[in-house]
Structures are given as C-alpha cells and as structure tokens.
Amino acid sequence: MGQAGCKGLYQSLLDYKTEKYVIAKNKKVGLLYRLLQVTILTYLVVWVFLVKKCYQDTDSSLQSSIVTKVKGVTFTNTSELGERLWDVADYVIPPQGENVFFVITNLVVTPNQRQETCAESESIPDALCCEDSDCPPGEPVVAGNGVRTGRCLRAGSEQKGTCEIFAWCPVETKSRPAKPLLGEAEDFTVYIKNFIRFPKFNFSKTNVLDTTDRAFLKSCKYGPKDPYCPIFRLGSVVSWTGSNFQEIAVQGGVIGIQIEWDCDLDRAPSECYPHYYFNRLDNRFSENSLSSGYNFRFAKYYRDAAGVEFRTLFKAYGIRFDVMVNGKAGKFNIIPTVINVGSGVALMGVGSFFCDLVLIYFIKKSHFYRDKKYEEVRDLEVLARMAESSQQSVAPDAAGLAEQPEVQDGGGAQKENGCVCRQLLQPARSGRQGNGKVNVEQLQNLQTVEA
C-alpha cells in the first residue's frame with residue numbers, strides 16, 4: 001500500500017493540468033469584458049508608457065551647482081547716511097553669489113555707536129526697574145543690548161526706569177520705516193547659472209542656452225516670450241508668487257525659486273530644458289504676524305582720530321531668495337519595459353475575474369452558468385473515472401471468455417442460459433491477463449453467449 005501511494009504521488013507530479021473555458025453567449029457580459037480590455041489597454045499605453053514613460057530607467061540623484069549674480073544701482077538721501085549710491089557690493093549678502101542670496105530693501109540705521117554706559121531700551125521687559133537692586137551688576141539683560149552696571153536710571157520723577165548697561169551706545173531705538181529705502185530694487189536683475197549632472201547616465205547640462213550670440217545674455221529677460229533666459233527681474237519674480245514687491249520690501253520676506261529638470265535622454269541633449277517655479281516661503285497671509293518678514297543686523301566698524309573704535313549698526317530688511325534644484329532623467333531600458341508589459345498583461349486577468357463574478361452571481365441565469373463552470377466539470381470527471389474503471393474490469397473477463405468452446409445446442413443454451421453464463425464467467429475471472437487489454441473477438445463471443 002505504501003509503494004502504491006508513493007507511485008501515485010510520483011505520477012501526480014508529472015501530471016499537467018489545463019483550464020477548461022466555458023463560452024457564455026451573453027452579449028452584455030461580452031461587451032463588459034471588451035470594455036474592460038480596452039480600458040486596461042488604454043491605461044497601459046497612454047498613462048504607463050506615454051505619460052509616465054515607465055519603459056525608461058530613471059536617475060533622480062541630481063548633482064547641482066548654483067551661481068548667482070545680481071546687478072543694479074540706486075541712489076538714496078537720508079539723515080543717517082546722507083547722499084549715497086548703492087551698488088551690488090552694498091545691498092547683496094553674501095557677495096560671492098550662492099544658491100541663497102539676500103537683497104536689502106529697507107534699513108534701520110544707528111550711527112556712531114561706541115562702547116560705553118547708557119540706559120537700556122524701554123522696549124526690553126527684562127530691563128525695567130524701580131530701584132538699583134533690580135539691576136544686579138554684571139548680569140546681561142535678557143534679549144537686551146548689554147550688561148547691567150547696578151544702577152536703575154529713571155527719567156525725572158518717574159517711579160520706573162531702565163537699568164544702566166555697558167553696551168554699544170546709543171542702543172537701537174528707531175522703528176522700521178514705513179516706506180522701503182531701496183524700493184527701486186524692484187528693477188534689479190539676477191543671473192542664475194545652474195550646472196547639473198546625472199551620474200548614472202554621465203549626462204551634464206547647464207540652464208544657459210547654447211547659442212553663439214554673445215549679446216543674448218545682455219538683452220534677454222526671463223518671461224513667457226523668452227522662457228530659456230536665465231536672467232530674472234526681481235520685481236517679476238515676486239509678482240509671480242502673487243505678492244507685491246513694494247509691500248514685501250518694507251519688512252522683508254523669503255522667495256523660493258524652483259528649477260525643475262525632466263530630461264528624456266532618448267531625445268537629443270539640446271531638448272533638455274529647465275522649468276522655473278516661484279513661490280513665497282514665509283507667512284504671506286498675515287501681514288502683522290510675528291513670523292512674517294525677514295531681517296538681521298550687521299555693523300561696519302571705524303576708528304576716530306584718537307584710535308577709539310566706533311561703528312554704524314544696520315538692521316536690514318530685505319528679500320531672501322532660495323534657489324532649489326530638483327530633477328530626474330530617463331533613458332530606455334529593456335528591464336522596466338518587460339516588467340511593465342508583464343504587469344499590464346497580468347492586469348488583463350482582472351477583466352476576466354470581474355466578468356466571472358458578474359456571470360455567476362449577478363445576472364438572472366447565474367445558477368445555470370455557475371453549474372456549467374463548476375458542478376458540470378466535476379460530474380464529467382467522475383464519469384470519466386467510472387468509465388475507465390469499468391473498462392479495466394471488463395477487459396480481463398472478456399479475455400477469459402474467449403478460451404471457452406462455443407455452445408452447439410442453441411436450445412439447451414437458451415434453456416440453461418443462466419448456468420452457462422456463470423460457467424463462462426467463472427474461469428474468465430480466474431484466468432485474467434496481466435495487460436488488461438480487451439480483444440474485439442472476445443467481446444463478440446461474450447455478447448453471443450449473453451444473447
């Protein structure tokens with residue numbers, strides 16, 4: 001029994017099973033199946049291959065370098081600075097031109113500061129005092145400008161005053177001007193030079209148009225009519241973010257310049273161009289919000305005739321420009337092509353699965369199709385096994401009957417038909433052949449005897 005079981009298992013491993021298809025003459029389900037096939041095929045061709053280009057191998061590890069250069073001059077006349085001409089070296093920080101640069105648009109100037117003692121600003125909460133004990137000497141003022149000396153300075157008969165500090169005096173007390181000092185910076189331009197490289201494909205490119213016209217960069221400005229010019233007007237950049245330059249110039253802001261590269265390397269390298277996007281990164285919706293605007297302080301130092309150091313303090317408001325670069329490159333590769341084609345072919349099976357559900361569960365004659373698809377198939381298999389087993393049992397009986405002599409007396413045979421059959425069948429069962437095959441003549445003899 002064990003050997004028979006092992007033999008059956010071994011033979012089952014070599015069996016091949018295939019599907020049996022049932023053709024359903026139902027026009028609605030057939031139409032639904034074709035619509036699903038067309039939809040999946042359209043998705044595969046249009047979206048996967050034409051739009052997403054999934055037949056390509058991609059590289060998104062972009063290597064990038066940014067060089068910026070701002071140009072423009074303006075003239076101002078103020079009480080703190082007098083008449084002054086502003087050029088790039090005065091209003092652009094840092095001067096070397098990186099992917100982040102700052103353009104000054106407004107200033108609060110505190111000139112002639114020297115290191116000495118003076119009263120702290122009244123706008124500093126930690127500097128308020130009523131007596132000298134409120135100003136312990138040597139302790140710095142929190143969020144203040146200097147170190148306490150131990151004295152509380154009060155104006156006239158006021159009960160409250162501010163602590164005396166040792167600092168750069170006089171301290172900054174002026175508020176931000178309501179009108180930007182460098183409002184004409186709106187017409188300044190910035191030249192953004194971008195170098196990129198995709199290491200997987202060893203492909204390099206720059207955003208400067210490849211042209212032999214040397215006057216191109218001197219006359220062009222980026223815009224709808226010239227989308228490949230790398231020179232941008234600052235006022236236009238701010239307006240493309242939905243903001244007004246004169247408003248943002250008062251308290252400052254942060255502008256993002258996004259450079260997107262999407263290169264199809266199956267085409268000529270000259271067809272790989274950048275696309276520019278502009279947005280405001282600081283809080284633009286709340287003008288009175290503490291988080292809006294952008295400013296910082298810096299100073300310029302001098303020495304007088306006696307060698308004593310003094311400085312001019314600047315609180316600079318302006319626009320910070322952040323240049324960000326992203327991109328990817330794609331090139332045909334057989335591996336992603338085969339993977340996506342195989343996925344699309346597999347997706348075709350979803351249509352068959354869905355139509356099977358409709359056919360055997362949702363239409364009026366679903367029970368009929370369900371019987372044809374499942375139950376009828378199982379009944380046929382049972383009948384086939386029964387026919388095979390009956391054929392194997394009849395074959396050895398027929399072989400034994402062929403060895404018996406013919407019955408001469410038809411009457412006697414008819415009279416003792418039952419006995420003759422038993423006599424003929426008994427030696428047939430005892431004399432079975434090993435091959436189990438049925439001979440035609442033996443079957444005829446068997447039929448004659450039974451008649």
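Sequential numbering from 1, following the chain as shown.
From the backbone N, Cα and C atoms, a Cβ is placed for every residue, glycine too.
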The annotated region 'Disordered' range in TrEMBL, which must be one of 121-141, 142-162, 205-225, 394-414: 394-414
Second cysteine of the disulfide that TrEMBL assigns to C118, among C163, C169: C169
C-alpha spacing of R297 (ATP binding site) relative to C135 (disulfide bond), in angstrom: 27
Disulfide-bonded residues compared (C220, C263) - highest count of Cβ atoms within 10 Å: C263
Rounded inter-Cα distance in Å - C118 (disulfide bond), F296 (ATP binding site): 23
Beyond the flanks of the transmembrane segment (31-50) by 6 or more, those residues with Cβ under 8 Å of it: 340-341, 344, 347-348, 350-352, 354-355, 358
CB contacts for C163 (disulfide bond) [other CB atoms within 10 A, all chains]: 27
Between C163 (disulfide bond) and R297 (ATP binding site), the C-alpha gap once rounded to whole angstrom: 23
Rounded Cα-Cα span from C272 (disulfide bond) to R297 (ATP binding site), Å: 42
Sequence-distant neighbours of C169 (disulfide bond) in its chain (C-beta under 8 A, six or more apart): Q113, R114, Q115, E116, T117, C118
